[in-house]
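Copied over from TrEMBL, here are the features:
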{"type": "DOMAIN", "residues": "8-134", "note": "domain 'DUF641'"}
{"type": "COILED", "residues": "101-135", "note": "coiled coil"}
{"type": "DOMAIN", "residues": "339-391", "note": "domain 'GIL1/IRKI C-terminal'"}
Amino acid sequence: MEDSMKQNPEAMEAFISKIFTNISSLKSAYIQLQTAHTPYDPEKIQVADKLIISELKNLSELKHFYRENNPKPVSVSPQDSHLAVEIQEQQSLLRTYEVMVKKFQSEIQNKDSEIRQLQQQIEEANQKRVKLEKNLKLRGLSMKESEGSGEANGFFPADLTPELFVSAVESAFKAIHDFSKPLINMMKAAGWDLDAAADSIEPNVVYAKRAHKKYAFESHICQRMFSGFQVENFSINLDNLTVNKESFFHQYLALREMDPLDVLGQNPDSVFGKFCRSKYPVVVHPKMETSFFGNLDQRNYVIGGGHPRTPFYQAFLKLAKSIWLLHRLACSFDPNVKIFQVKRGSEYSEVYMASVVNNLIMDETDEKPQVGLMVMPGFWIDSIVIRSRVYLSGMKVNE
């Protein structure tokens, strides 16, 4: 080695520098491997492991290069000594490759296991998809299928029950109440005389509290929205389109979980779109719109076939959706659910009516309370009665 350094000291110095650099890199890779174990990170471990193997191979190549260019004189045959070194070197490499092969085999087994798991998940997902597609096809969740005549396949889901209809009635009643709030607030902001407006809807009603006059506006909304409810086409021109009971329920399912504005965006001229277009002008009087917005642009836009994305119209669409869903359900039953309304002045009957105000003080006389407003109609499902919601005139409330 001294002779080699004397002959070419610069080359030997560069060679030794490579060895030191290689050892430093090997040490760094080993530190990375240790770090990747805490916390355990499979990807970092794999990167560090590959780096260590690479540095070991580089070190082996440097060793092999040195022995080839600087053979050590020995007393035995040079060929035998060189051969022994080569054998030892190859055995060392062979052990390294054996470790790598075992590791790769383990990785292959893990990947095979992951592939089998993914294949099983795909198979399960496909089975669920086929089942879902079958259910969707049977229920007719396509808007086109739901509004068409549909094929009579005799399929009715088990959840078409009176309880489902009762829930829809409650949702519709809440929707009427919810829409009346912004309507009244906008009337207040526009300077309306709410007392006079309530009296114009139903005069001579004796309210227990001034705040109860809100029921007059709810009654107004109810009367307009439920007009035509008793007929299957809901007083909408369907262009001779006939539907069966399954199609009614399909339409209910199709719209139940959807945003009404999204539905109308896809098909503004759908049956539901025509329903909204027919109800908005009768619920919101032109004088209201003029006082609210200063013009009739929104009204004219709706009448012309559009569905604006204004907050007020979106609030109306929530109301329209709830009434529409209730009508679709009513026509899904065989026979149809019957609607009944209570006229003003009717005697109060707990069998067919429920007061919208609690804690009423009943008069000690024999005279029965009289209906001042009907806030929500009632319904018959076979022999089941869903009571109408009424406001009783001239009653007192226990504070």
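A Cβ is built for glycine as well, from the same backbone N, Cα and C atoms used for every other residue.
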For the domain 'GIL1/IRKI C-terminal' (339-391), what does DSSP give as the number of helix, strand and coil residues? 0 helix, 26 strand, 27 coil
Express the predicted model's confidence over the coiled coil (101-135) as a mean pLDDT, rounded to an integer. 79
